[in-house]
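Q: The structure follows.
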Amino acid sequence: MPRGDSEQVRYCARFSYLWLKFSLIIYSTVFWLIGGLVLSVGIYAEAERQKYKTLESAFLAPAIILILLGVVMFIVSFIGVLASLRDNLCLLQSFMYILGICLVMELIGGIVALIFRNQTIDFLNDNIRRGIENYYDDLDFKNIMDFVQKKFKCCGGEDYRDWSKNQYHDCSAPGPLACGVPYTCCIRNTTDVVNTMCGYKTIDKERLNAQNIIHVRGCTNAVLIWFMDNYTIMAGLLLGILLPQFLGVLLTLLYITRVEDIILEHSVTDGLLGPGAKSRTDTAGTGCCLCYPD
C-alpha cells in the first residue's frame, strides 16, 4: 500500500499473510479430522446399537449425538479448510459467521440454563424418568445410568423413587425387582461381592430408613454438586469448548482483513498501471470467485 495510505492499514496488517494462512489451515484441518473421527465413531456405535436395540426411539442415544456433532464439525471445518486454501472471502466470512453463531448460541444456552436453573433441573429429571421407563430395553441408557449412579453415588434422577417409573421396579409389579432399585444404587465397599438384589424393597422405604442401604440422592443434583465442588474441571471444560471457537473466529477475522488489504493493494497498483487496468470497483465483487493474492 502506498505510504500516504499507511495510516489506513488495519492492525491485522502487522500479521504475516502466510502465518495467518497456515495457522487457519492447520486449525481447520485439525478440527476437520476430529469431526471425521467423531462421525466415524458415531456411525460405528449406531450400527452396533441397531443390532441389539429393542426400541425404535433414539432418545439419549450417544451414537446419535456423536453423529450430529461429527457432521457439524466435519462440514464447518471443511468450509474453513477450503476457504483458507482458496482465500475465498465468501467462504471465509461464512466460516467465521458460523463459528460466531455457534459460540453465541452456546453462551446464550448456558446463561438461560443458569437463569432458569430450576426449570433446567426439572427438564433433566423428566428426561431421566423417560429413560428409566425403558431402562432394560435401551442398552445405551442403561450403561450411562449405571455408570453415573456408581460414579456419583446417586440413584434415579430426582431421587431413588424415580425407579418406580420402570414397569419392573414398580411396587405393584410381579417379580423380585418390584419396589427395588438397580444394584448400582447400593452402598457397598469395593471389596464386597456384588449383590444384584441389594436394592430389594427400598422404593417404599422412607429416606432415613433407605439411606443406609442405597444412595437416596438423585443423580441430577449429585452431578451438579460434583461440578461445583470441582470448579477447576468445570472451568477447564468450558474453556476447552469455547476457547477454540473464539480463537477460530479471531483468526478468521484477522485473515479476512489481511486478504482484503492485499486485494486493496492490488487494486491501487492496477489503477497506477494505466487506464486499461481493473479498478477497485471492478474487482470489489470478485472475492467469491477469485483467489487472492495471485
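For all residues, glycine too, the Cβ spot is worked out from N, Cα and C.
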Q: Have a look at Swiss-Prot and say which candidate in CYS219, CYS288, CYS289 forms the disulphide with CYS154.
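A: Swiss-Prot says the disulfide from CYS154 goes to CYS219.
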Q: Determine from Swiss-Prot whether THR257 and GLU46 lie on identical sides of the membrane.
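A: In Swiss-Prot, GLU46 is across the membrane from THR257.
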Q: Need the cross-check against Swiss-Prot: the disulphide partner of CYS155, picked from CYS171, CYS179, CYS185.
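A: Disulfide pairing in Swiss-Prot: CYS155 with CYS185.
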Q: Return only the integer: C-alpha distance in Å from CYS171 (disulfide bond) to CYS198 (disulfide bond).
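A: Here the two Cα atoms lie 16 Å apart.
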Q: As a test of the contact definition, list every same-chain residue at least 6 positions from CYS179 (disulfide bond) whose Cβ is closer than 8 Å to its Cβ.
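A: Same-chain residues close to CYS179 (disulfide bond) (Cβ under 8 Å, separated by 6 or more) are SER164, HIS169, ASP170, CYS171, TYR200, LYS201, THR202, ILE203, ASP204.
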Q: Taking the Cα of CYS186 (disulfide bond) as the centre, which of the recorded positions listed as CYS154, CYS155, ASN230 lie within 10 Å of it?
A: CYS154, CYS155
Q: Which recorded positions (ASN118, CYS154, ASN230) fall within 10 Å of CYS185 (disulfide bond) by Cα distance?
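A: The recorded positions passing the 10 Å Cα test are CYS154.
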Q: Under a three-state reduction of DSSP output, how is CYS219 (disulfide bond) classified: helix, strand, or coil?
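A: Going by the DSSP assignment, CYS219 (disulfide bond) falls within a helical segment, counted as helix.
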